[in-house]
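For CYS12, CYS96, CYS198, the entry in Swiss-Prot reads [4Fe-4S] cluster binding site. Sequence annotations record features per position, and here Swiss-Prot assigns (2E)-4-hydroxy-3-methylbut-2-enyl diphosphate binding site to HIS41, HIS74, HIS124, THR168, SER226, SER227, ASN228, SER270 based on sequence analysis. Annotation source Swiss-Prot lists dimethylallyl diphosphate binding site at HIS41, HIS74, HIS124, SER226, SER227, ASN228, SER270, citing sequence analysis. For HIS41, HIS74, HIS124, SER226, SER227, ASN228, SER270, the entry in Swiss-Prot reads isopentenyl diphosphate binding site, with the evidence type sequence analysis. Sequence annotations record features per position, and here Swiss-Prot assigns active site, proton donor to GLU126 based on sequence analysis.
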Amino acid sequence: MQIKLANPRGFCAGVDRAIEIVNRALEVFGPPIYVRHEVVHNKFVVEDLRSRGAIFVEELEQVPDDVIVIFSAHGVSQAVRTEAAGRGLKVFDATCPLVTKVHIEVARYSRDGRECILIGHAGHPEVEGTMGQYDAVNGGAIYLVEDEADVASLEVRNPESLAFVTQTTLSMDDTSRVIDALRKRFPAIGGPRKDDICYATQNRQDAVKQLADECDVVLVVGSPNSSNSNRLRELAERMATPAYLIDGAEDMQKGWFDGVERIGITAGASAPEVLVRGVIQQLQAWGATGADELAGREENITFSMPKELRVKSLL
């Protein structure tokens, strides 16, 4: 059995920044540091931060007064920001800047009284945060659609004053079809020049397609609640390549690789490389050889830290 590695894979700039914000807050201010929602959707990362004093909560009502709170990479609604400000909580915002870009678009449509359609998965924290950027005070509304069937049944108030945005971690292929359906149903709809799916999601989806084309089975390292990791598994399966989403080496079953010659490994944007290395080691213990990385797109994007953490970390 031969191992092939997707390139790029694993952490993106937004995840790197979010984790580093929690790390630096712990270093500068000491525990406990409260984090609203899992800072990124990865069990290993969350448990590591929890062991060092991060406390993860789902709502601000679980947070005591006079503590530091960090908003997760997925972003939060305006109502959550207002609640935090009203309580005087000290907040560091780990929202991915590419998610913030979508928030700004939604807020602008709201101010203009333009209705908005969000393409995304119901219940995902990024979707909840983005929906919560829209203020209906000007008479508009925001709608959520997941697929073409949702578009077909959608009724809006004013189809002549309508725009769309997308969740950043969707399947590019699926999203393209939904956008086509929106443009066909609502010819006057506006939106970004391209969808809002982020560079890291696009690059990892392109890489897993190459991996699935060259391999007999694909392993996606990522947690079950990670949207972008699930999309990678689905893409491989659509190419008729068996694919498994695993948190780490302990989730693998040796029988998956009976008769397999080439094993492909990738990782979602919130999965650390140490987990990939663990998977490789286990496969090699089962007789796999090599760990060749495919040619891919280089990523050199970085996002800046909040100023207070950036300055204090140098003292």
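Each residue, glycine too, has its Cβ placed from N, Cα and C.
Long-range C-beta contacts of HIS41 ((2E)-4-hydroxy-3-methylbut-2-enyl diphosphate binding site), restricted to its own chain and to partners at least six residues apart, with a cutoff below 8 Å, comprise GLY222, SER223, ASN225, SER226, SER227, SER229, SER270. DSSP gives the residue listed as 'active site, proton donor' a helix state.
Looking at SER227, SER270, the binding-site residues in this record, the fewest other C-beta atoms within 10 angstroms of the C-beta turn up around SER227. Residue annotation for isopentenyl diphosphate gives HIS41, HIS74, HIS124, SER226, SER227, ASN228, SER270. The furthest Cα pair among them is separated by 15 Å. Considering only the binding-site residues HIS74, HIS124, the Cβ with the fewest other Cβ atoms within 10 Å is that of HIS124. In sequence order, VAL40, GLU126, THR169, ASN225, SER229, GLY268, ALA269 are the same-chain residues whose CB sits within 8 A of the CB centroid of HIS41, HIS74, HIS124, THR168, SER226, SER227, ASN228, SER270, the residues recorded for (2E)-4-hydroxy-3-methylbut-2-enyl diphosphate being left out.
Excluding CYS12, CYS96, CYS198, which define the [4Fe-4S] cluster site, the same chain contributes ALA13, GLY14, VAL15, ALA73, PRO97, LEU98, VAL99, THR168, THR169, TYR199, ALA200, THR201, ALA269 within 8 Å (Cβ to the Cβ centroid), listed in sequence order. Applying an 8 A CB threshold to same-chain residues 6+ apart, the list for GLU126 (active site, proton donor) reads HIS74, GLY75, VAL99, GLY120, GLN167, THR168, THR169, SER227. ASN228 ((2E)-4-hydroxy-3-methylbut-2-enyl diphosphate binding site) and CYS96 ([4Fe-4S] cluster binding site) are 14 Å apart (CA-CA, integer value).
Cβ neighbour count for CYS198 ([4Fe-4S] cluster binding site) (all protein chains, 10 Å cutoff from its Cβ): 26.
Residue pair ASN228 ((2E)-4-hydroxy-3-methylbut-2-enyl diphosphate binding site) / CYS12 ([4Fe-4S] cluster binding site) shows a Cα separation of 11 Å.
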